[in-house]
Amino acid sequence: MTLTIVGSQLGDEGKGALVDRWGGDADVVVRYQGGDNAGHTVVEGGAEYKLSLVPSGAVRGTVGILGNGCVVNPKTLFAEIDNLREQGLDPDVRVARRAHVIMPYHRVLDGIEEEVKADDDAGDAVGTTGRGIGPTYEDKAGRRGIRVADLLDPETLREKLEYAVPQKRALVEDVYGLDLDSEAQRASGSRTQSGDDDSDDDRAAAFDVDALHEEFAAIGERLADEGMTVNCSDYLHRRHEAGDEILFEGAQGTHIDVDHGNYPFVTSSNPTAGGAAVGSGLGVTTVGDGEVVGIVKAYLSRVGEGPLPTELDGDADEEALADEIREKGGEFGTVTGRPRRIGWLDLPMLRHAARVSGFTGVAVNHVDVLAGLDELKVCTGYELDGETLDTVPTTTDRWERCEPVYETLDTWAPFDSSAVAEAGYDALPEAARDYLEFVADEIDTPVYAVGVGPDREETVELTNPFDE
Ligand code: IMP
């Protein structure tokens, strides 16, 4: 069977811990979208593994696949694999030959486009992670992308670079008005002084066909030498036919999905469950026949721009509460280190997520973080222009104007997470159980698991989806 794990909110719901936990019962863990914008922290036996590209399951020795729907920065991939090897692990990671490659010019363009949008009066800067995700997906849709398979064939790689790179150079120089030649001179001057010949800031080298060809053909050789590339659809089909369990590890979250999220403050891929079929090549009926579990954070956090109706930023008390939750929950970006914005749990957002992905269950994380608060609110709906809404409006403008309707629930005292995880659901404080049951009722989806701490063991499991 298959299990698809989806972020229900804005990313950072703590998917890694559940993927890691249930990944132990899977034979293959597949990422189907996104790239190294996805920060996952997996805590195992006291050791902490920070991953942004390698599927979390790799920490437990399960085969990890980066599906065709992913955009892959091979330098990040190799750095993470080397790092895990240094920590004594032996990750088995394969990459779809149909996946697109994030090239250095994509990262440069991501930065330039954000700067330009920030300066523009429309103020539409997205606050991207700067990893080149959007520009790579643009090239994929524009049919000028470079795929993993192209890295394995130096001649094809050169042809593709010769087509794409001059266009990128023209975009930077003619549209954005940057002079790459003078940047090249500055870069070579600073290289001579610093001895650093592999700087990410070297914008000029990112547009040099020969340099790119040399670097990425060598990457292709390593991928081939290590037998890391696969025909993803074919591989997964065979594993599924053989009776293997497949876990799809969604990155980011529903409300930053390019189709179903808060456009344009979104990432450029489909974290929602439909993306699992498209982004892996396993049939939609196979994926749909399995379990789809939404991961929910017991409150909200958001990195980057965009509306957050329940944001705790109204006055000094709310800001102090946000600070308390941010500190207790460690709400700082895994990839960028940015402090995350904080808000109360928002049920209209969860209803939308449950509908779009067809959740069969949810896992609610960070329930320990809410312990000991003076007050606890949940947004059950919105008021907008005299109407009450139970789900998220389709435009940013309308969502921004929504006034949350709150229900105040009882708070609970801090508890011993390890003891509760061991003893099970009934050991949770009564008010915490009421909170969980209230949420489950409102979104008409059962709770499969409750996260009470960052370690994989600190999870109260009610249902293992692989047993369903
Ligand atoms: P991009 O994915 O780097 O293009 O960024 C687009 C938007 O998605 C920005 O608001 C990012 O902060 C957000 N984003 C991307 N990846 C993540 C993630 O893993 N967690 C939370 N937000 C993310």
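Using the three backbone atoms N, Cα and C, a Cβ is placed for every residue, glycine included.
Sequence annotations record features per position, and here TrEMBL assigns GTP binding site to 11-17, 39-41, ARG340, 366-368, 451-453. Shown in sequence order, GLY39, GLY253, LYS297, SER301, VAL303, GLU331, GLY333, THR334, ARG340 are the residues of the chain, 6+ apart in sequence, with a C-beta less than 8 angstroms from the C-beta of ASP12 (IMP binding site).
Residues annotated as IMP binding site in TrEMBL: ASP12, GLU13, GLY14, LYS15, ASN37, ALA38, GLY39, HIS40, THR129, ARG143, GLN252, THR267, ARG338. When secondary structure is read from DSSP and collapsed to three states, HIS40 (active site, proton donor) falls in the strand class.
For ASP12, GLY39, the entry in TrEMBL reads Mg(2+) binding site.
ASP12 (IMP binding site) carries neither a helix nor a strand DSSP state and counts as coil. The active site, proton acceptor annotation in TrEMBL covers ASP12.
According to TrEMBL, the feature active site, proton donor maps to HIS40. Taking Cβ-Cβ distances under 8 Å and a sequence separation of 6 or more, the neighbours of HIS40 (active site, proton donor) in its chain are LYS15, GLY16, VAL19, LYS50, LEU51, SER52, SER56, ALA251, THR334.
According to TrEMBL, the feature active site maps to LYS140. In the three-state DSSP assignment, the secondary structure recorded for LYS140 (active site) is helix. LYS140 (active site) has a Cβ environment of 21 other Cβ atoms inside 10 Å.
Residues or ranges marked as region 'Disordered' in TrEMBL: 183-203.
TrEMBL lists THR334, VAL335, THR336, GLY337, ARG338, PRO339, ARG340 with the feature substrate binding site. Taking Cβ-Cβ distances under 8 Å and a sequence separation of 6 or more, the neighbours of THR336 (substrate binding site) in its chain are THR129, GLY130, VAL303.
Local packing around the Cβ, expressed as the count of other Cβ atoms within 10 angstroms, is greatest for GLY11 among the binding-site residues GLY11, GLY14, PRO339. Of all the Cβ atoms in the protein chains shown, 18 others lie within 10 Å of the Cβ of VAL335 (substrate binding site). With respect to Cβ neighbours within 10 Å, the binding-site residues ARG338, ARG340 differ, and ARG338 shows the lowest count. Of all the binding-site residues listed here (GLY39, GLY337), the one with the fewest other CB atoms within 10 A of its own CB is GLY337. In sequence order, VAL367, ASP368, PHE415, SER417, VAL420, ALA421, LEU428, GLU458, THR459, VAL460 make up the list of same-chain residues 6 or more apart from VAL452 (GTP binding site) whose Cβ falls under 8 Å from its Cβ. There are 32 other CB atoms within 10 A of the CB of GLN252 (IMP binding site), with all protein chains counted.
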